[in-house]
Amino acid sequence: MEVIVAKTAGFCFGVKRAVDKVYEQVEKGTEPICTYGPIIHNEEVVKDLERKGVSVINSVSELKALKEGTVVIRSHGVAKEIYDIIESKGLHLVDATCPFVLKIHNIVKKESASGSEIIIIGNDQHPEVEGIKGWCSGPVTVIESAAEAENFVQESGKRLCIVSQTTFNYNKFNKLVEILSKKGYDIIVLNTICNATEERQTEARAIAKRVDGMIVIGGRHSSNTQKLFEICKNECENTYYIQTLVDLDVHSLPSMGCVGITAGASTPNNIIEEVQKNVRNEF
Ligand code: F3S
């Protein structure tokens, strides 16, 4: 039997890099180590790190209370204020901010400094957006919906610099930019969307089209995994949604010539490997 594992299955480049950096610190034995927010939305990984002595801090006050050790900044990035606190306290910084997010920090920092008003297309509650806001030195507005775009009134008289949260939907971004563009302001638009999610979906669709069975691995509540499942199910009737190997009854897989495997963004590689090995060994 042929088994095709999607190259884009599981962690995106930025999340993988961040998780690897924490394990590197563990190996170096640079205790105490903490991450500013959970390094990834995957309980297994966070618990494993906890067992290895890595704690999670969730607020500025917890950060200020630290006396020593290493602080890892996760892929979402943080506001400038957090770097300043880490530096002023003499803590060891490991910056795992995704380079695509760092690029946005640099854009808004530069544009704010040269007098532009910043518009971030994204979710105001999301930590990534929180972080981006924290690099703006002038006016900044977060817009997520068409209604917010319609209601936006520029008061500063400055040029508008529009950027996007990395995981924002591309079509929705274009729609919101179109609404803002009609207002006649001086606008520059920088599409800072990262296409990791879209690439994962495109590859999953292509594989599901050509296999007899498709396995999608990811958390039950992971919305990006649910979406992957839907996409694959549309192309391949024999699509299975599993969280780990335990959920997969390999014997129930009808004898298939070719099986595809993909996984959601927070599925660790070892789970993907384990499933892959078992499917290969069974047939
Ligand atoms: Fe991942 Fe970085 Fe894109 S964290 S989703 S590769 S912006």
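Numbering starts at 1 and runs along the chain as it is shown here.
Each residue, glycine too, has its Cβ placed from N, Cα and C.
Worth saying up front: this structure is predicted, and the values here are computed from it rather than measured.
Marked as active site, proton donor by TrEMBL: GLU128. Annotated [4Fe-4S] cluster binding site per TrEMBL: CYS12, CYS98, CYS194, in sequence order. TrEMBL lists HIS41, HIS76, HIS126, THR166, SER222, SER223, ASN224, SER266 with the feature (2E)-4-hydroxy-3-methylbut-2-enyl diphosphate binding site. For HIS41, HIS76, HIS126, SER222, SER223, ASN224, SER266, the entry in TrEMBL reads isopentenyl diphosphate binding site. Annotation source TrEMBL lists dimethylallyl diphosphate binding site at HIS41, HIS76, HIS126, SER222, SER223, ASN224, SER266.
Counting only the Cα atoms, the space from HIS76 ((2E)-4-hydroxy-3-methylbut-2-enyl diphosphate binding site) to CYS12 ([4Fe-4S] cluster binding site) is about 12 angstrom.
For the residue listed as 'active site, proton donor', the nearest of the binding-site residues by C-alpha distance turns out to be THR166; the candidates were THR166, CYS194, SER222. Residues near ASN224 ((2E)-4-hydroxy-3-methylbut-2-enyl diphosphate binding site) in space but far in sequence (CB under 8 A, at least 6 apart, same chain), listed by position: THR197, ARG200, GLY218, GLY264, ALA265. Counting only same-chain residues six or more apart in sequence, the Cβ atoms lying under 8 angstroms from the Cβ of CYS98 ([4Fe-4S] cluster binding site) belong to PHE13, GLY14, VAL15, ARG17, ALA18, SER75, HIS76, GLY77, THR166, CYS194. Taking a Cβ cut-off of under 6 Å from any atom of ligand 1, the binding-site residues CYS12, CYS98, THR166, SER223 reduce to CYS12, CYS98, THR166.
Taking the centre of the Cβ atoms of CYS12, CYS98, CYS194 as the [4Fe-4S] cluster site, the nearby residues of that chain (Cβ within 8 Å, site residues left out) are PHE13, GLY14, VAL15, SER75, PHE100, VAL101, THR166, THR167, ALA196.
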